Amino acid sequence: MPQMDSQGEPEKNSRPSGGGGARILALTICSAAIGGTFQYGYNISIINAPTSYIQTFINDTYMERWGTSLDGPQLTLVWTIIVSAFPLGGWLGALLAGPLSVRFGRKNSLLLNNSFMFAGAILVLTSRAAKSFEMIIFARFLVGMNSGVSMNVQPMYFGESAPKHLRGAVAFSSAVFTAFGIFLGQVVGLTEVLGAQHLWPYLLASNAFPGLLQLLTLPWFPESPRYLLIDRGDKEACVKALGRLRGGVAPISEVEEMLQEQEQQKSAALNSGSSANKTPWTLFKDKDLRSQLRTVMAASSAMMLCGNDSIYFYAYYIFLAAGIPAQKIQYITIGTGASEFTASILSNLLIERVGRRYLLIGGYSLMSFWTVVFTVALNLQSRGVTGMAYLSMVCVFCYILSFGLGPAGVTGILPAEIFDQSARPAAYMVAGSFMWISLFLVGMLFPFIVKGLGDFCFLPFLVVCVSSAVFLGLTLPETKGKTLAEITAEFDRRNGKKKEYSDIQMDEQIKEQYQLGKAASITNLMLDPDTKPDLEIIQPEVNV
């Protein structure tokens, strides 16, 4: 049944009115993601293929400088620094993402973010001529900064640009492009492509091409409408951007929802006596948002502490033990990236039907099961039981599939859906910080875990997966198709709070201002209130 406006007429613009809006939205997603989360996945995978070549370059450079070579532990330390520079840069990028997205906007932040990638590519390409492995360390740090910014700003951009009924699927596309980046990085890293010894600088610098593609395409697409209206107060630009994303006409219901959120944000800022946009510190001090913040912190940490990236590392040894020739393993390893890519596409199709909560909890539950099977298989394999190496291979693929089905994509959606416009950038800063610190810790500690626990090395990941499934099951409400007020009310209900929200139970004066066809009408938004006398009665309180 069609929705009715204030005049009793059907509301025609509650969803995109034509294929034009869908095309613009789809192209915006592709343009933003190809230079965004795609880069994160791509840069994680391309570093694996040239590992031995870069280590040889490090040793040769050190020998030429000091007349002696590095021993095994020293070389491992330098390589560990190169690998660790990526998550450290990502952590700094996550901290920069909030201020950048507020100061320059979501789209412009993604465009400016490419400068880190281009600088890193130049350093890598000139490192061999300069005979400096330190340039590779700095390049990986800059690449990490690029990924840290994009992993936070891109889901924010998508969540604010998509219609409510497609919000989850659009935001989840960030995970699809991450998985695609991992897969393509594995393909490009093949010996027949850019994985040969003399081509490793070009392999590491190939990440500049997606950045260039984004610079050529993204400027043609609209900025986040919510950012334009709520953060910048530019009502004309908001209506124009929303119209392009929805097929020509901005839906009245969406504009009305933004106006309500803008009014709430202004009221909250006046009551608290602080600025409209929250910082991570004010977010931690806000008692009303602690439940949401705990949920986001736990989900972001679990995404990296669950050991999915360690599975990628361990896959080489699993495949080798299964009897696959060493020179062929690079082709089998592509299957791991293809598994996550396939799972992310499937999850993208399911998220608006199944919901975020069930995908997240189900993903961690399946990962817990496969971790148990994996541990049993590794122990039986070490005792010479026939066929266990192949069971271990199955566990590798199933674990990655389970991760891609839920945690890989749903985690990035949560801050966009459970925080309002003023708190969202700070929430992504906190979530990104926990994610990158967790990735750094896993990368540093996993070799010691393997050495200390042997065949039981995945038991710590089992603890993380089980704990995450239980905690998120108890604390996270379903957010599918709900407004921010409904989600916040559900969080409070779970915590035993009773609170009224102005956009659920508004007083008569505000409710009258927000009636369709009045303050929220597209026509009135496009006009200057000073030029239309009857708007002066309702505009001072809204002040958009």
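Including glycine, each Cβ sits where the backbone N, Cα and C put it.
For the transmembrane segment (21-42), same-chain residues at least 6 beyond its ends with a Cβ under 8 Å from one of its own Cβ atoms are 107, 110, 113-114, 117, 143, 146-147, 150-151, 153-155, 157-158, 161-162, 166, 170, 173-185, 207, 210-211, 213-215, 217-218, 220-222, 244-248, 412. Annotated transmembrane segment per TrEMBL: 21-42 (among others), in sequence order.
As annotated by TrEMBL, domain 'Major facilitator superfamily (MFS) profile' applies to 29-480.
Taken from TrEMBL, the feature transmembrane segment covers 77-98 (among others).
What TrEMBL records for 110-130 (among others) is transmembrane segment.
TrEMBL lists 136-157 (among others) with the feature transmembrane segment.
Taken from TrEMBL, the feature transmembrane segment applies to 169-188 (among others). A Cβ distance under 8 Å defines the sequence-distant neighbours of the transmembrane segment (169-188), meaning residues of its chain 6+ beyond its ends; these are 25, 29, 33-34, 36-46, 48-49, 151, 154-155, 158-159, 161-162, 194-195, 203, 206, 330, 333-334, 336-338, 340-341, 343-345, 347-349, 351-352, 404, 408-410, 412-413, 416-417.
For 200-221 (among others), the entry in TrEMBL reads transmembrane segment.
For 295-317 (among others), the entry in TrEMBL reads transmembrane segment. Here the transmembrane segment (295-317) has long-range neighbours at 44-45, 48, 329, 333, 336, 360, 364, 367, 371, 396, 399-400, 403, 407-408, 410-411, 414-415, 418, 427, 430-432, 434-436, 438-439, 441-443, 446, 450, 458, 460-461, 464-465, 467-468, 471-472, 475-476, meaning same-chain residues at least 6 beyond its ends whose C-beta is under 8 angstroms from one of its own.
Counting same-chain residues at least six beyond the ends of the transmembrane segment (329-351), those with a Cβ under 8 angstroms from any Cβ of the stretch are 45, 49, 168-169, 172-173, 175-176, 178-180, 182-183, 185-187, 189-191, 195, 311-312, 315-316, 319-320, 359, 396-397, 400-406, 408-410, 480. Look at TrEMBL and you will find 329-351 (among others) tagged as transmembrane segment.
The annotation transmembrane segment is assigned in TrEMBL to 358-378 (among others). Residues 299, 302, 306-307, 347, 350-351, 388, 391-392, 395-396, 398-399, 402-403, 405-408, 410-411, 455-456, 458-459, 461-462, 465-466, 468-469, 472-473, 476, 478 of the same chain lie 6+ residues outside the transmembrane segment (358-378) yet bring a C-beta within less than 8 angstroms of a C-beta in it.
Per TrEMBL, the feature transmembrane segment maps to 390-414 (among others).
What TrEMBL records for 426-450 (among others) is transmembrane segment.
The annotation transmembrane segment is assigned in TrEMBL to 456-476 (among others).
No contact links the transmembrane segment (136-157) to the transmembrane segment (456-476), because fewer than 3 Cβ pairs that are 6 or more residues apart lie under 8 A. Here the listed stretches are 110-130, 200-221, 390-414, 426-450, 456-476, and the one with the most C-beta pairs under 8 angstroms to the transmembrane segment (77-98) is 426-450. Within the model, the domain 'Major facilitator superfamily (MFS) profile' (29-480) shows a mean pLDDT value of 89, rounded to a whole number.
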